[in-house]
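*Asks:* Supplied in structure tokens, the structure appears directly below.
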Amino acid sequence: MVKMVASGEKQQGHRSGIYKQKNKGHKHGKHRTKGEIERENKGRVSVTALTKKQRKEQKKMDRRHKANQLRRNKKDMVLTEKRRLGSRDGPPHLVAVVSLHAGVDAGAITKLLRGEGAGGVVHQERCVSGISDSFGLILPRFKQRFTFLSYSTSEMHSLLDVAKIADSLVFVLDSTEGWDSYGDYCLSCLFAQGLPSHALVCQGLTDLPVKKRVESRRALSKITEVRFPDARLFPLDSEQDATLLLRHLGTQRQRKLGFRSRRSHLLGQHVTFTPNSPAEGTGGGPTGLGTLCVSGYVRGRPLRVDRLVHISGHGDFQLSQIDAPSDPLPLNLTPRPAKPGKGGDVDMLDGDENEAPVRVLMTADPSCRESLQTEAEVDPMDGEQTWPTETELLEAEEARKKKRVMKVPKGTSDYQASWIVDDNEEENGETDEESSDDDDDDMMDEAMDGEDDENNSQDLGSCCGEEDEEEEEEEEEVCSTERAGADQRYDEHMDEAAEEEGLKRYREARANEMFPDEVDTPLDAAARIRFQRYRGLKSFRSSPWDPMENLPLNYSRIFQFQSFERTRHRILAEAAAEEEGAMVGWYVTLHITDVPFSVMESVQSGNPLVLVSLLPHEQKMSVMHVLVRRHPSNTEPIKSKEELVFHCGFRRFRASPIFSQHTSADKHKMERFLRPDAPTVVSVYAPITFSPAGVLLFKQRAADGIQDLVATGSLLSCDPQRVVLKRIVLSGHPFKINRRSAVVRYMFFNRDDIMWFKPVELRTKWGRRGHIKEVLGTHGHMKCVFDNQLRSQDTVLMNLYKRVYPRWTYDPYVPLPLPWVKREGTVEIDDLDME
């Protein structure tokens, strides 16, 4: 039967069951449809102006053509720069001849190169002021001109200065040994500073028998491939060999050095000095100031008259004007009529025969040229308290609203809560950084000297107890009669003061390596007074440290960039696009004002004069950071804040730096000694220098004044806000050990010190962490709680930190070093001496 539905009842709709088919939604590419966008915009029109530059998509062939054009333009630029060097439009090719062995003569090389058989014409003898063995050479066959200079390697400063501006170096090797120990030392310095294009030359191969020449040359190549893996060895015994060498020097690929290619520089070829009149300066005479006129070829970048110039080893000066005298080494050649039976000769048009008037190219404008100010003006009232401004009041009100909430005891007011500090905050007491550092070092020295004296006395007592006194006396008498003369001759060359200082430094370095940063708590002074500038950190990586807190007075004398990297990129880009001033290749005369007569005395004594134009801000003082590595030839301990000699780019100065670890964090741990196995950051007060630039660190021996190379590296940054923290570690011994707690002693020796350092976290050498819970008695015992049970052989440690700064000992005048002598690192000792 069919059930009929009444007209008054409403029929129910169909309900889908659990097995109803559900189709997937349409995948429209995860973007909105046009209709959805129109519904959301509701008639609003989008902005037509683009806020970001739209990248134009190019086709495949267009991209390929663009890459080919860029490659071709770069190749043409390199070829143009290469062809300009030594040609009519560029400066002469500057070649320095360096001997790497005491048994070779660099003068014989230059004598062979200036010979007529080499195809060149010597146009100017002694063309470089201060260097006697220098001459200008013109090769009409190659349409090139060279300037050769041979300088003794005994004076390291002059050798490095010449290598900074030389286009090519010719290394003269011995035919059997290659180079000696001093030659290897010179190569280490040159490689660290930046080695330009070079060539290896040896003499004496033709003197050997024919059968031994190939073997000797193969043995010499095996020696040189350690330093020069791809270099070619040129025998130089005839004029034909000299011609091949000149062709190689003129066509070889030039190596770019970043610190000189971005700055204008020149080598003084003619130098004169004119003393100031009494009305102009401090009075004439040999001790007064004067105007130094330096003539030379402009290299690197165009030279501007309003920029400061730096004379290596003497300081920064200002220019008054730039003149354009006649070129002493012209390339305009007029051939003579050929004589019968002889080849064509060449006549040189000398500048003296056709004397041209000196033209003034440009004169300095006093309102536009750079200032000689190196330090910021210190305002003694700058740190005084003043009434806050409206902006400062608004900032304080916003900071009060954003203050963090923390739990405080019941009944504590807002004013009282503001004085509650965290575990990682300690107050600083002293303000004299240098006295605190010296006290730390003195205390450490006394503690370590005391331990060494006790150990030595124990060793001496044990030895005396084991050996018989009578046998020892007999052995001493026999040894004294046999070796009295030898010992006396050996002791004549011994410096007892230097030996004692070296032993003290060696013991400090060994103690710091065995027990890093550990310091003994003083018994005669309160620890809270002795270490009041130190504070504890919950985490060295993440705990905050304000870089503007408690800055020393020297920080008011330096300059700081808001963004050093952005300023460096801008200045280097402007220098690369510079097209004003004396162009590269021009022979000019620079008038340098207010120069001391000592610069002229240095030139007259035989030292080369190297001059470089400084970039903006490079005369101002700041905190420079250098990344260096310890040189393997030097193993003597180098302590932080010890005076070192820096060669940074074209500059040379003395300073006392501090060492720190090279990490990417915002805080960096100070190193007490220069580490031999890891890169180290050296921080020092020095003039600003824009990287890249090579850096060499020398240490002068106290006994004889010889400078040893201790580290090499490069410029890192200029950042006065780089936080360097000195860490000290206080150690204690667990006296009674329980499951989670222990009684620790020997870390402090009175109750007040324990209460002062109670918020600082403790750690152990086995990895346990804890804190001080309560004080036990009045003699320095304390109950500490740890995260796990301690071991009986464990040691409880407390880390304390304070910020340290370099010492202001910058001195731009470095004394000339004595000839280098290899330091003997080991001494052979017989078994009898050991006993």
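Glycine too: its Cβ is placed from the backbone N, Cα and C atoms.
What TrEMBL records for 21-33, 52-74 is compositional bias 'Basic residues'. Annotation comment: TrEMBL describes 34-43, 484-499 as compositional bias 'Basic and acidic residues'. The compositional bias 'Acidic residues' annotation in TrEMBL covers 422-456, 465-479. Per TrEMBL, the feature domain 'Bms1-type G' maps to 91-255. For 1-74, 398-499, the entry in TrEMBL reads region 'Disordered'.
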*Asks:* Can you work out which residues elsewhere in the same chain, 6+ from the ends of the compositional bias 'Basic residues' (21-33), have a Cβ less than 8 Å from its Cβ atoms?
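*Replies:* Here the qualifying positions are 40.
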*Asks:* Where DSSP helix means H, G or I and strand means E or B, what are the helix, strand and coil counts for the compositional bias 'Basic and acidic residues' (34-43)?
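*Replies:* Within the compositional bias 'Basic and acidic residues' (34-43) the tally stands at 8 helix, 0 strand, 2 coil.
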*Asks:* Check the domain 'Bms1-type G' (91-255) for me and report the mean pLDDT.
*Replies:* 82
*Asks:* Mind tallying the compositional bias 'Basic residues' (52-74) by DSSP state, helix then strand then coil?
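*Replies:* Final tally across the stretch: 15 helix, 0 strand, 8 coil.
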*Asks:* So how many of the residues in the compositional bias 'Basic residues' (21-33) end up helix, strand or coil by DSSP?
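*Replies:* For that range the per-state counts are 0 helix, 0 strand, 13 coil.
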